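Listed in TrEMBL:
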TRANSMEM  25-47  transmembrane segment
TRANSMEM  210-229  transmembrane segment
TRANSMEM  236-259  transmembrane segment
TRANSMEM  290-310  transmembrane segment
TRANSMEM  340-360  transmembrane segment
TRANSMEM  388-418  transmembrane segment
TRANSMEM  540-564  transmembrane segment
TRANSMEM  570-603  transmembrane segment
REGION    655-682  region 'Disordered'
TRANSMEM  724-744  transmembrane segment
Amino acid sequence: MGCCGSTERTKREWRPLEDRSSTDLPWFLLFIVFCVGMGSICGFTVATGGAARLVYGYDSYGNTCGQRNEQIEGVRLSGLDHTDRKFVFFLDPCNIDIVQRKIKSVALCVSLCPPETMNTYQDLQRFAMINGSELCSYELAGHKYPGLPERFSKCPKLPVPPSKPLPVFNRCTPLDVSCYAKFAEAVVTFVGDNSVLHRLIAGVASSKEIIIGLCVLALVLSMILMVIIRYISAVLVWILTALVVLGSLGGTSVLWWLYIDHRLYGNDTSPKVVKEEEEEEVRQDVGQALLVYAAAATVFTIILFLLMLFMRRRVSLTIALFHVAGKVFLHLPLLTLQPFVTFLALLLFWMYWVLVLLFLGTTGNPVQNEETGLTEFRLTGPLQYLTWYHAVGLIWITEFILACQQMTVAGAVVTYYFTRDKNRLPLTPILSSVLRLVRYHLGTVAKGSFIITLVKIPRLILMYIHNQLKGKENACARCLLKTCICCLWCLEKCLNYLNQNAYAATAINSTSFCTSARDAFVILVENALRVATINAIGDFVLFLGKILIVTSTAFAGVLLLNYQRDYAEWLLPLIIVCLFSFLVAHCFLSIFEIVVDVLFLCFAIDTKYNDGTPGKEFFMDKALMEFVENSRRLERAVERGRSRVKEAVSERAEMKPMVSDSSDEGGVARQKSSSEEEGVGLDVGGGEWEELQEFQVYYLLVGVLVDWVLTEQSDFILCLSEDVVLFLCVYLPTSTLFLFVSMLHTPSLAPSSNKSAVITAKS
């Protein structure tokens, strides 16, 4: 069950869609046991009466409405027969505790909710005599309401608003919701006037048809964008690159202009009443701040230029992957329904979870509230940990459902990629992937989602502690808490990405979670620069797609809502539409992102274990094949330009006495095959090492230049020495380690050449 696995690590032989077997079966059994525990909590709440109290309601003395009750020891007016009293009525329904989110009022079981306003106690008496529904406390007789001295504390607060029972939950709810204005104002803090709130709600109610239409428009735009993004991905990428470069240049130029202007003309905006010494100090502080901002922007711009320079070739891989991802959605149209299925599953589970949580709120032993004197039901002893178990279930099962989506998408994309003839794809690859998931890999999904749960729970606990201690903790504790929360968030994101690739590796090779995670991690490390480029550029392009959908929907909303002149307040409807459109775009484009990541992993595996020769043909699409060919041609040109000496040495080694032309042809063929295999790595070895060397040298030169510009003459030697020490102690060891790893994974050309030469000589 652990992640260690076997101590001996054997070489992985990838066999896509072959040797399918069950994975992580113990974790599947553990997940089943956990789900049985979740169901047992629901059964416990039903058996102990918590569900009945929630549905039928109970009064402030522990009696459940609509049934006969047993006497509760120490609680007066308990054990009453409420068979004919089926509704819960609150004496003061507008007395709401905002912090605890509950009504602080005495609750009674009544046979009928008041259908009209009652302004006097005579109205209460008349209603009780005619309908038999007594709205005052049980010990008061209905026909004596007007003359009883206890009527002020044990009868409803006048005037009694009209109300009607809620469906299913049998609570008398006032028809006029104005008494909840304080609660609404506390929740919506930007509303300072009740009339504003009423106008906003009226605007939403009157424009509900337009809101629904705009939400459907966002849904349609998201589905269209998933299909056409392969045609506009190249344009988006290069527009993005140009905007980022121009934006960084413009921002840096403005900051330097502000700094130079401040140095030349001083700070004319400073107050005239400030003394000259203080004014000079303020001017120096402003100038120092501008200098720091300008220098930081300059360093960021230069590093950005260097990254653009060294990753420009890998941008084409991102564009090719986007192009192939668009084809995947054309061949697998059911992928577009995956967000609906996942959302439906999450919605059903969340509804069940909230319902059981409400059951837990009315389950337990009756306890009298010391502050209000009312009877409440609370879990005591070991039973109070049921709520924590239920909370862990929310996180784990939610992550499990999301992981099932990732595994399903990964299985379908793997089937598409490793099927050479796309016309022979299965009839429903999505359904086939779901069946493989249910039959073989539910344990793997359970294990991966449990790991995410283990990281998410401490982060949520720290966030809760941080919110509870807000304004009470010192600066050091606040900084430490935020640092821990940030680190756990970063760890969670990294594990999410690794889990997603582990699911793809499991879909390919049918291995356990830990083995798949290890194999996927090795593949990703070998293609680290490509991963960084795809994640950076691809994620930003998808973010631009989300913004495009939101802005298009918002523009249509402005036109439609502005056309309806009756809508005086259409800000809230527009905000609702924008939030929904962003949520829909995020759900759909997240599926597209998963497809791109799985395609990249398949592509990396394909290029590592295949070279295009007979018996080792590529599985990749034509767009990716063109990228491979272009990379090979560029790599060969760079290699010829930089290693002429090596080529000369290898040519002299090959000039041996030859016995026959056939042996010569065999040696040439072997040498050609060896050189082609050397080029199949696609920057795994020499190319990435050379680019890393160039980047580090340029980075050192940039650091020296920045030090020379920003430091005084006396401090320049110190800064220069720091740059050199950093370069020698950090960058060079990193490059050496990278070269060593590349040599381990890339076959050498020289031994192959020498071996062929010796064989030729012997023949």
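Every residue, even glycine, has its Cβ placed from backbone N, Cα and C.
Any TrEMBL annotation is an automated prediction that lacks curation.
Beyond its flanks by at least six residues, the transmembrane segment (570-603) meets 200, 203-204, 207, 210-211, 214-215, 217-219, 221-223, 225-226, 229, 317, 321-322, 324-325, 328-329, 335-336, 338-339, 342-343, 405-406, 409-410, 413-414, 417-418, 497, 500-501, 504-505, 508, 520, 523-524, 527, 530-531, 534, 538-539, 542, 545-546, 549-550, 553-554, 557-558, 561-562, 564, 619-620, 624 of its own chain at Cβ-Cβ distances under 8 Å. Of the candidate ranges 25-47, 236-259, 540-564, 25-47 has the most C-beta pairs within less than 8 angstroms of the transmembrane segment (388-418). Between the transmembrane segment (236-259) and the stretches 25-47, 210-229, 290-310, the greatest number of Cβ pairs separated by less than 8 Å involves 290-310. Between the transmembrane segment (340-360) and the listed ranges 25-47, 210-229, 540-564, the one holding the most Cβ pairs under 8 Å is 25-47.
Residues 204, 236, 322, 325-326, 329-330, 336, 541, 545, 548-550, 552-553, 556-557, 560-561, 564, 573, 576-577, 580-581, 584-585, 587-589, 591-592 of the same chain lie 6+ residues outside the transmembrane segment (210-229) yet bring a C-beta within less than 8 angstroms of a C-beta in it.
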